[in-house]
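In what follows, a single structure is set out as structure tokens and then discussed.
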Amino acid sequence: MGGKSEVNGHAMPGSASTDRIILEQTEELQKSCREKLWQFLRRNLLVILTVSGVLVGVGLGMLVRSMDLDRAQMSHFAFPGEMLLRMLKMIILPLVVCSLVSGAASLDTRSLGKLGGIAVAYFLVTTLIASGIGVTLAFIIKPGVGAGALNTNSLGLESVSSNKETTDSFLDLFCHLNNNCLVLWTLQYATDYKMVAAGNDTNGTTIYQKVPVGTETDGMNILGLVLFAMVFGVALRKLGEEGEELIRFFNAFNEATMVLVSWIMWYIPFGIVFLVGSKIVEMEDVGLLVTSLGKYIFASILGHIIHGGVVLPLIYFGFTRKNPFSFLSGLITPFTTAFATCSSSATLPSMIKCVEENNGVDKRISRFILPIGATVNMDGAAIFQCIAAVFIAQLNNTELNAGQIFTILVTATASSVGAAGIPAGGIITIAIILEAIGLPTNDLSLMLAVDWIVDRTTTVVNVEGDALGAGILHHINQQEMKKQQHEDKELEVVRVDAVANVEAEEETSPLVMRQTKDDDCSRTHLGIIHS
């Protein structure tokens, strides 16, 4: 038979031609699949490398752990991870200042006030909900019941205590907002105490009084930087044309900073390997800690899962009517960075970049709200702080009344505003809560012993709340812009109709015609008299 057959007088391709067509289609399909796979890998290469870095770090840490390294060798092993943290912290100061100045200067005062009010309300409400989840889980799971024999000495831990008064802890927040020197914005203000002679008693013995004294400690004062940058940006906008040059300077500085961020992000996968690996190597007896404090760890992580996986996505969906997990899928790199570094501040550079590029959030919104969120929004910290407070109360066989529970909720929500966005930054705020409800702070070392576990999910929830808040504000801003454009169009239509009506009246109005006739008659009459 030939290569072709006839059907109703038409030539039809034979089996060889059919096979060739199928083969060509198969090759095109394979080529298309390869191109799609290559595009996917190029688009998500950084995410894949970052997640792989965490897994490789865990495996490398378990391998190196068996080598029994001394302190110096462990320090050398952790050096690449330490370099990552240093690079991320280096970029925080210019990023926060420039992004907030340019963001505040690009928004009019009315929009800035409205967006700022919505952001503060969102942060306070979500943090209060997180505190409620933490207290509820602590009373349901009861992590401290039956653990009365557990103490610092049984685990070989050093005691950690805080002698700071609760009032002074809250006053430090206001001092953070008003440093007396611009250089000191890069340092944390902290109250210390010194004993001062206050006179003698009747027996001639000197009486000493504890007096609070302000000191500067290591750690960036992000809260003060946020306030200063916002106010400075508003002041530049008020200057009008005189402030344009400086606004353009901060905009250019901000863009240059984001270029540096994009370069640093390619070092993140490598640095994370040694950052995670060094933590695995430094672990003591993990089995003893997990068995002793397992219920506390479980309650904290469960609270983070509920808040980060259910509550925050529901709030986002309620405002935007969009799939929150599609939004979160573009933020895998910042979440991985948060998990590895345990620092909201260190995650800020990659979060701003991914929110803008992957989720299309307006730069004015992201660079305004994310630095604020990294400072004042600590949902994850509020959860584990409340659980820790109830855990220590149960550990000491102390029954908490309604007033103390309310104090825990309010204090955890308020103190999270000033919590440092650094590893183990929430431990200090737990001391504030314990002092507020009259519990001893000697058992804080138990929290510190497992903080390296809990702090990872804490930081992920913290930065998730910031990102979803930016998404909500972006949606609200978009709706306001559409509404304003619609009102402007309607106003333009009304204006055009009004002009058309005026022109029609000028052409056809009987009053105008009669007035014109009267004027003509008057001019004729005057002309006759004059003549």
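Each Cβ is built from the backbone N, Cα and C atoms, and glycine gets one as well.
Marked as transmembrane segment by TrEMBL: 44-64, 84-107, 119-141, 219-236, 257-276, 296-319, 368-393, 405-434.
Between the transmembrane segment (44-64) and the transmembrane segment (257-276) there are at least 3 Cβ pairs closer than 8 Å, counting only pairs 6 or more residues apart in sequence, which means the two stretches are in contact.
Just going by CB pairs under 8 A, the stretch in 119-141, 257-276, 296-319, 368-393 that sits most against the transmembrane segment (84-107) is 257-276.
When Cβ-Cβ distances below 8 Å are used as the criterion, the transmembrane segment (119-141) is approached by residues 295, 298-300, 302-303, 306-307, 311-312, 315, 369, 372-373, 376-380, 382-387, 389-391, 394, 405, 408-409, 412-413, 416, 461, 465, 469, 472-473 of the same chain, each at least six residues removed from its ends.
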